[in-house]
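*Asks:* For reference, the structure I am asking about is given below.
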Amino acid sequence: MPDDVESQGARWARISRALRNPDYKRYFLAQIPLLIGTWIHSIAMGWLMWRLSGSPWMLGVLAVCDMGPTFLLSPVAGTIIDRMNLRKLLILLQAGYVVLVTILTIATLTGTVTVHLLVVTTLGLGILAAFDNPARQVFVAELVGIDDLRNAIVLNSMLFNMARLIGPAVGGAVVAMAGEGWCFVLKGLAYLPMIFVLSRIRPPQRIPVARKGFFGDMSEGFAFVRARPEIGRLLVLVATCSFCSVPYFYFLPVLVRDMLGRDADAAGMLMSLTGVGAMLAVLALTVRDRIEQLNVFPAWSTVALGLVLIGMGFSGLYWVTALLALPLGLSILSQNLSSNTLLQHFAPPALRGRIMAMYSMMLLGIVPLGSLIVGATGDWLGMPGTFIAGGALCSTVGIVLALRPCTARG
């Protein structure tokens, strides 16, 4: 019994190693309301746009406004991140979020909100997110240092997936009981702990580096990727997984209704099972202590995702698709987490903002383009054919790049 307790204690100490850093621990705790609030906000925005417009097209426009700026602005964002004081930049970004969410809250609670206001505020939030997402990843790396970075990335992902399980349920309940405006109130309040924590954190000072002018610095990031083919391969794998998983995450109602003949409850169950698979990936990667243990994960996780998508395309049975949702979540998160960790390992500190902005561009910015292509392909091949084609592309890219794996050491 004492041995069991000791082994469990050692396992928890390994899982939570990065939390020994007091600044990161405060930052981690401040993320809890913020991430839950983000999912609450997402649910409310979708419901509100649907209530005001009744148009699937406008839901698509909202998604483009949300993620499109990440694709367009990532090179600029990464360059600014590498040149600015990150703590001050993050505080400014959180303040910008609060202003936009407050405008949306007042308009919704007073009944003056319009489709145009939703589009404009979502576009503004998307522009802020293009800077915020990579800035947070670089900030965490600077807080914990390279030795605890892998653990911090896993902990952040664990938190994100827990919020994904809690936030939509809370958001749906608040919309049903009080309306979308109160979801936006909760979202605005969720930024306050993060602003407070950021104002108290004192991260290590950055080492000054020679600058080449804004556009020179921007081109330096692209030149570094061209000179390091392992980084290019990782970015291709991230983009492939993000693009090929669009049919599942963004066309789930079509999958559930037309391919499986089920209703919204079934869609919710599939998403929950995907979240369980993602949490299994978090636990699997937590016990990988050495960076070289991650080298094979990005490519072979991409292959696995492709096989799962092909299986879903051929399935036609709800219980088979539900079983496949577990390895789908497992493979996607294994790919994303291992790629994120390897990219931050490969990137020198002076270029980390630019490299992680490219990662955000491939992970999130590719989604609007993928949605348009998948929608057109679905009309042509049908949704089962779209799943099969996407899975074949995913596995093919994964196999080709698995023959030239990333080789991180240390």
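The backbone N, Cα and C atoms fix where each Cβ goes, glycine too.
Relevant sequence annotations retrieved from TrEMBL are reproduced here:
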TRANSMEM  27-50  transmembrane segment
TRANSMEM  56-77  transmembrane segment
TRANSMEM  89-107  transmembrane segment
TRANSMEM  152-178  transmembrane segment
TRANSMEM  234-255  transmembrane segment
TRANSMEM  267-287  transmembrane segment
TRANSMEM  294-311  transmembrane segment
TRANSMEM  317-334  transmembrane segment
TRANSMEM  355-374  transmembrane segment
TRANSMEM  380-403  transmembrane segment
*Asks:* Relative to the transmembrane segment (294-311), which of 56-77, 355-374, 380-403 accounts for the most Cβ pairs at distances under 8 Å?
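*Replies:* It is 380-403 that shares the most Cβ pairs under 8 Å with the transmembrane segment (294-311).
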*Asks:* At a threshold of under 8 Å on Cβ distances, which of 27-50, 152-178, 234-255, 267-287, 317-334 pairs most often with the transmembrane segment (355-374)?
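*Replies:* Out of the listed stretches, 234-255 contacts the transmembrane segment (355-374) most.
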*Asks:* Under 8 angstroms for C-beta pairs, at least 3 of them, ignoring pairs fewer than 6 apart in sequence. Is the transmembrane segment (317-334) in contact with the transmembrane segment (89-107) by that rule?
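*Replies:* The transmembrane segment (89-107) and the transmembrane segment (317-334): touching, no.
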*Asks:* Please tell me whether the transmembrane segment (267-287) and the transmembrane segment (89-107) touch - that is, whether there are at least 3 C-beta pairs under 8 Å between them, with each pair 6 or more apart in sequence.
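*Replies:* Result for the transmembrane segment (267-287) with the transmembrane segment (89-107) is no.
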